[in-house]
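What TrEMBL records for this protein:
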type	residues	note
ACT_SITE	B:His144	active site, proton donor/acceptor
ACT_SITE	B:Lys148	active site, proton donor
BINDING	B:Gly19, B:Ala20, B:Arg21, B:Gly22, B:Arg23, B:Met24, B:Asp45, B:Gly87, B:Thr88, B:Thr89, B:Ala114, B:Pro115, B:Asn116, B:Phe117	NAD(+) binding site
BINDING	B:His145, B:Gly154, B:Thr155	(S)-2,3,4,5-tetrahydrodipicolinate binding site
DOMAIN	B:14-117	domain 'Dihydrodipicolinate reductase N-terminal'
DOMAIN	B:120-253	domain 'Dihydrodipicolinate reductase C-terminal'
4 protein chains.
Amino acid sequence: MTDEQERNPAEPLRVGVLGARGRMGLEVCKAVDAAADMELVATVDQGDDLSAVAEAGAEVVVDFTTPDVVMENLRWCVEQGVHAVVGTTGFTEERLEQVRGWLADKPGVGMVIAPNFGIGAVLMMQFAARAARHFESVEIIEQHHPRKLDAPSGTATHTARQIAQARAEAGLGPVPDATKDEVPGARGAQIDGIRVHAVRATGLVAHQEVLFGTTGETLTIRHDSYDRASFMPGVLLAVRAVGDRPGLTVGLDPLLG
Amino acid sequence: MTDEQERNPAEPLRVGVLGARGRMGLEVCKAVDAAADMELVATVDQGDDLSAVAEAGAEVVVDFTTPDVVMENLRWCVEQGVHAVVGTTGFTEERLEQVRGWLADKPGVGMVIAPNFGIGAVLMMQFAARAARHFESVEIIEQHHPRKLDAPSGTATHTARQIAQARAEAGLGPVPDATKDEVPGARGAQIDGIRVHAVRATGLVAHQEVLFGTTGETLTIRHDSYDRASFMPGVLLAVRAVGDRPGLTVGLDPLLG
Amino acid sequence: MTDEQERNPAEPLRVGVLGARGRMGLEVCKAVDAAADMELVATVDQGDDLSAVAEAGAEVVVDFTTPDVVMENLRWCVEQGVHAVVGTTGFTEERLEQVRGWLADKPGVGMVIAPNFGIGAVLMMQFAARAARHFESVEIIEQHHPRKLDAPSGTATHTARQIAQARAEAGLGPVPDATKDEVPGARGAQIDGIRVHAVRATGLVAHQEVLFGTTGETLTIRHDSYDRASFMPGVLLAVRAVGDRPGLTVGLDPLLG
Amino acid sequence: MTDEQERNPAEPLRVGVLGARGRMGLEVCKAVDAAADMELVATVDQGDDLSAVAEAGAEVVVDFTTPDVVMENLRWCVEQGVHAVVGTTGFTEERLEQVRGWLADKPGVGMVIAPNFGIGAVLMMQFAARAARHFESVEIIEQHHPRKLDAPSGTATHTARQIAQARAEAGLGPVPDATKDEVPGARGAQIDGIRVHAVRATGLVAHQEVLFGTTGETLTIRHDSYDRASFMPGVLLAVRAVGDRPGLTVGLDPLLG
């Protein structure tokens, strides 16, 4: 199935979905179904047999399952020569190494494992890391619904770390700040020296703003996510690209280049 | 000069400026000069005699001086029957009472004393206080240049207090917030139970956003101040209005309808 | 049922919903059900008998039906002494007059008819009308999903008209604009002399920004609506208030104090 | 002067300014003066002799003069082996070719000619071009003071063209838009098929927002420029980099990589 030379690009890509009855899986099924260049040929969930995927002739599998079954799924995909796009969480460096090992034995197979399929969020982080070295000041303001348990969000923390690293590589010192008299918390949390503010309000969904400042100007990169469907363009992008990327690709970044 | 019955509205209003060579005073002189319906007839600063104001026939005086001389200036204005618009700081309730006493003896004279002549900032606070009772959630994000010493700003603190009071009057409970796992400071400072975030970045001047949220929607009121000249429309508004408002007016609010 | 003297405020308000199986009606049922101070006692739709409402002892009825049945519904409510909150469209001045006539004969009954129950949108328009007289410049930017047929939106047009009227009353001239060289359309549409820009993009829901500017500062009032549920707080507000407002109330404005 | 092998990086870079008494030139002198790693060794304007630059041992020259004298200045710089950073306008492809010819004969000399030294604006355009291929929808909103003569701004037009080109290269079709009923101008100007809206208001300086949208999410890149000083970080960046970039560099882009 993975021999790209033999693929007829005029035919729709045959896609199977694992975890097809979960929240994300259902969205993936809808999105694949609606894509003109794809065909949803197999949907598998707890209790179903993976062989249905092979019998249906799936070329790419999308896996939104759980950490306890995903490794077995992926080993099976590699053995069968089926490409995989994986949104399931829980990938440690150890697990990634194991996957790389399997793929080494099957040079034609591609796999994309990404913690975040939101194209907007990934580009926001990419642009933030690139802008970081050129601005004296930077702060992050993330905004979410009030049922969220952690503050700041994982995306904000990750963005702050990437910015801090880019600043360090460029030899930038600490962000200027003359604050002498602060009501505790007013200046936000510090993540690797970068100030992060977490706003919570009913009505909000998931939003983040990265504000850069230098003499006389500011640059703001803002991402607004309104619903779960926002991950689908990223999933479809990966489904289309994975066949041309043998081996393991971690994160959506390299596909957005 | 204060007898409004005799004023010919076709003639420009005769304005004197006290503290005319200070930073704010210079701006006031420029603004009065540029206003078609006003004439700058006297400019006084340290070392000059106030009698120049009377000799020039000033109908309204604008005072941007210092706390140690302002009371003497205002007593003189009331005695001379000259209306006054005052941006000088340091007015305690005691001082305001003293001014009210002087004015009681001169029923035709008006005086406007305001801590903030920025029309945008005053309207932002007014609207925020009005919206407060209708939204489950509210947070304040203020943004300033990094040379600022206090965080949050005085305007943000004042806004938070007004919002907290409006919520209490409407019987609203605390803002919903499920945060369990917080990097210290991420959720901002608490001013009377309202979360306030202070952002500092080179390039910024003075900005504030009040974010209200309820089911499925948010309302944002944002004020951006770019330079000192932003106070001038408020000063001119007060100069035009003070003659029709005998007695003491504190703050720009009542003039904004 | 409408004799407020006899109401026991400790008991939940008994609410009936007309058009209960429509898109909005379903949301209203959910919202009433979730409100601690209300009880959903009757749900009526096409084919059902209105008498169910009376039998259930409803004190307030919410009507999200259609222009062809709403008038009959409202006449019945007034006759039965049941207060009504109405979101159905199509109310001409003629229809409002007819409703006023019915209510004149039943002095204890209240009715709220509103074209828009979004508290945020209504406050945005209210604040915009109030700010209008104090700023030299003003423009409106509305942003919606790309399936919308009209540009600008009805809300933007209504806001522009209110602003234009407030400017006229304050004696303000045209907004300053030195544009000499314009690519057609760049400066937006003109609604009563106010520039309105309509942005359309996938991912957006319904958003509007009113930008006011004067020397050195801007004031922005922004409303973001994320889903249909955003109308519910306004509906519940009207349900709670209608019993204390005999006669006809048009629009949410008077309830927002 | 241009032999980088002999440069002692511990010594401040010796900088001369041409057009030193013009608006931009004055800002450049201040910025160079304030930079710890530079020394302002020569300031030249109309009527002064260029030889002062050579005598002062300038390593880099910054030219903010006029189209009628800039070519002579640059030929002289190349002959003298002095690097140049040029913000003067009026560079046609013909002029750039001539400069390339001069530089070909002096392989060690570097020159940066840029129409815009605002780092924020250049990054905004760079990021917009990169994001363009990943989003179904995109629109541009630029906001300026009301004394501006053209609409949309040159930066907005340039951004739109780059976005249109990136979309074409990625095989994207037209942006979705169901508008049927438009008040003329509401949907903005079309630049190569991209909608651009130009807002004008007193109080604004120079601002631009690029809004990208796809299913369930939007990405916004916003640039706010507050004063002329905003070009200085870009000028200093070029002054530091030009010695390591022999030949002609057009635009700030390659230096921000």
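Backbone N, Cα and C define each Cβ position, glycine as well.
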For this session: State which of the following recorded positions has the fewest other Cβ atoms within 10 Å around its Cβ: B:His144, B:His145.
Result: B:His145
Exercise. If you measure Cβ to Cβ, which of the recorded positions B:Arg21, B:Arg23, B:Thr88, B:Ala114, B:Lys148, B:Thr155 are under 8 Å from chain A?
Worked result: B:Lys148
Exercise. So for B:Gly19 (NAD(+) binding site), how many other CB atoms are inside 10 Å of its CB?
Worked result: 24
For this session: Find the one among the recorded positions B:Gly19, B:Arg23, B:Asp45, B:Asn116, B:Lys148 whose C-alpha lies closest to that of B:Thr155 ((S)-2,3,4,5-tetrahydrodipicolinate binding site).
Result: B:Asn116
Exercise. Listed NAD(+)-binding residues B:Gly19, B:Ala20, B:Arg21, B:Gly22, B:Arg23, B:Met24, B:Asp45, B:Gly87, B:Thr88, B:Thr89, B:Ala114, B:Pro115, B:Asn116, B:Phe117 - what's their greatest C-alpha to C-alpha distance in Å?
Worked result: 22
For this session: Within the same chain, and leaving aside B:His145, B:Gly154, B:Thr155, name every residue whose CB is within 8 angstroms of the centroid of the CB atoms belonging to the recorded (S)-2,3,4,5-tetrahydrodipicolinate site, in sequence order.
Result: B:Glu142, B:His144, B:Lys148, B:Asp150, B:Pro152, B:Ser153, B:Ala156, B:Ala206, B:Gln208
For this session: Please classify the secondary structure at B:Ala114 (NAD(+) binding site) using three-state DSSP.
Result: coil
Exercise. Under DSSP, the domain 'Dihydrodipicolinate reductase C-terminal' (B:120-253) has how many residues in helix, strand and coil?
Worked result: 49 helix, 44 strand, 41 coil
Exercise. By CA distance, which of the binding-site residues (B:Gly19, B:Arg23, B:Asp45, B:Thr88, B:Ala114) lies nearest to the residue listed as 'active site, proton donor'?
Worked result: B:Arg23
For this session: Identify, among the binding-site residues B:Asn116, B:Thr155, the residue whose Cβ has the fewest other Cβ atoms within 10 Å in this structure.
Result: B:Asn116
Exercise. Between the recorded positions B:Arg21, B:Arg23, B:Lys148, whose Cβ has more other Cβ atoms within 10 Å than any of the rest?
Worked result: B:Lys148
Exercise. Which of the listed binding-site residues (B:Thr88, B:Ala114, B:Gly154) has the least company, meaning the fewest other Cβ atoms within 10 Å of its Cβ?
Worked result: B:Gly154
Problem set entry | Same-chain residues at least 6 apart in sequence whose Cβ lies under 8 Å from B:Asp45 (NAD(+) binding site) | B:Leu18, B:Gly19, B:Ala20, B:Arg21, B:Gly22, B:Gly25
For this session: Quick one: of the recorded positions B:His144, B:His145, B:Gly154, which has its CA closest to the CA of B:Ala114 (NAD(+) binding site)?
Result: B:Gly154
Exercise. What's the CA to CA span in angstrom from B:Thr88 (NAD(+) binding site) over to B:His145 ((S)-2,3,4,5-tetrahydrodipicolinate binding site)?
Worked result: 23
For this session: Check B:Arg21 (NAD(+) binding site) against DSSP and tell me helix, strand or coil, would you?
Result: coil
